[in-house]
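A.B. asks: Dropping a structure here in structure tokens format, bear with me for questions.
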């Protein structure tokens, strides 16, 4: 596993390491598209999107909110890591390797499909079961690796870090027990109205900022729920215009073609 990306996450102006880094600029912005997948599962697909086919090393990002009896019955995958982070409710994962686990809010599931495996993902509670699923491409040298799975419950994840008007959950990074085959930074950030979050995107990373809830302003753009912005590497200051929640995501690209065919990434 490559070393995780490191950075200084602070609230407000004057943010340590972030302040010494040049400001990022905007590459693109757009809104996630409502759709369904699996067996009637409702979601907002951030990408693939007409404006963003993929974001090396990332193949797909879904913001799902699934209610019984909908879900994702048994299906095959190969060639990537499917990483699920639960926000509300719970999801039940079963796979062809014999793994069977339920993960609730704040928990994660990492399914490395490698040379191929089958799994199902179904809502485990009545009502809303909301989370994010990210597909991370495997580099070509690892496409044939043995499949594997790891589930981590919310209590085993790093304690949230409170700043001035914000709470940061480090889902993947230097403090997280999550292990991926790719260098990734993945933060879940809650902001109070009028609070600020200031952080630097690592040099060489591809990144996006996605608004889960609320409204924020960054790099001269105002974004609402379900909208996404792609910044260049550099410093980003986010100002919350209402109580908000964002996904901060970046990763080191593999620099290899992403060949995405349905459930397979070759």
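Just so you know, glycine gets a Cβ as well, placed from its N, Cα and C.
TrEMBL: automatically predicted annotations, no manual curation.
Reproduced below are the annotations present in TrEMBL:
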BINDING   75, 77, 119, 121  Fe cation binding site
DOMAIN    43-136  domain 'Pirin N-terminal'
DOMAIN    186-265  domain 'Pirin C-terminal'
A.B. asks: By DSSP, how many residues in the domain 'Pirin N-terminal' (43-136) are helix, how many strand, and how many coil?
C.D. replies: 0 helix, 63 strand, 31 coil
A.B. asks: What other residues of this chain sit with their CB within 8 A of the center of the CB atoms of 75, 77, 119, 121, the recorded Fe cation site?
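C.D. replies: Same chain, not in 75, 77, 119, 121, Cβ within 8 Å: 72, 74, 76, 82, 95, 111, 117, 118, 120, 263.
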A.B. asks: Which residue, of the binding-site residues 75, 77, 119, has its CB surrounded by the fewest other CB atoms within 10 A?
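C.D. replies: So among 75, 77, 119, the binding-site residues given, the one with the fewest Cβ atoms within 10 Å is 75.
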A.B. asks: I'd like to know the mean pLDDT over the domain 'Pirin N-terminal' (43-136).
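C.D. replies: Its mean pLDDT is 98.
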A.B. asks: Ten-angstrom check, please: count other Cβ atoms within 10 Å of the Cβ of residue 121 (Fe cation binding site), all chains counted.
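C.D. replies: By my count, 27.
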A.B. asks: Determine how many residues of the domain 'Pirin C-terminal' (186-265) DSSP places in helix, in strand and in coil.
C.D. replies: 0 helix, 52 strand, 28 coil
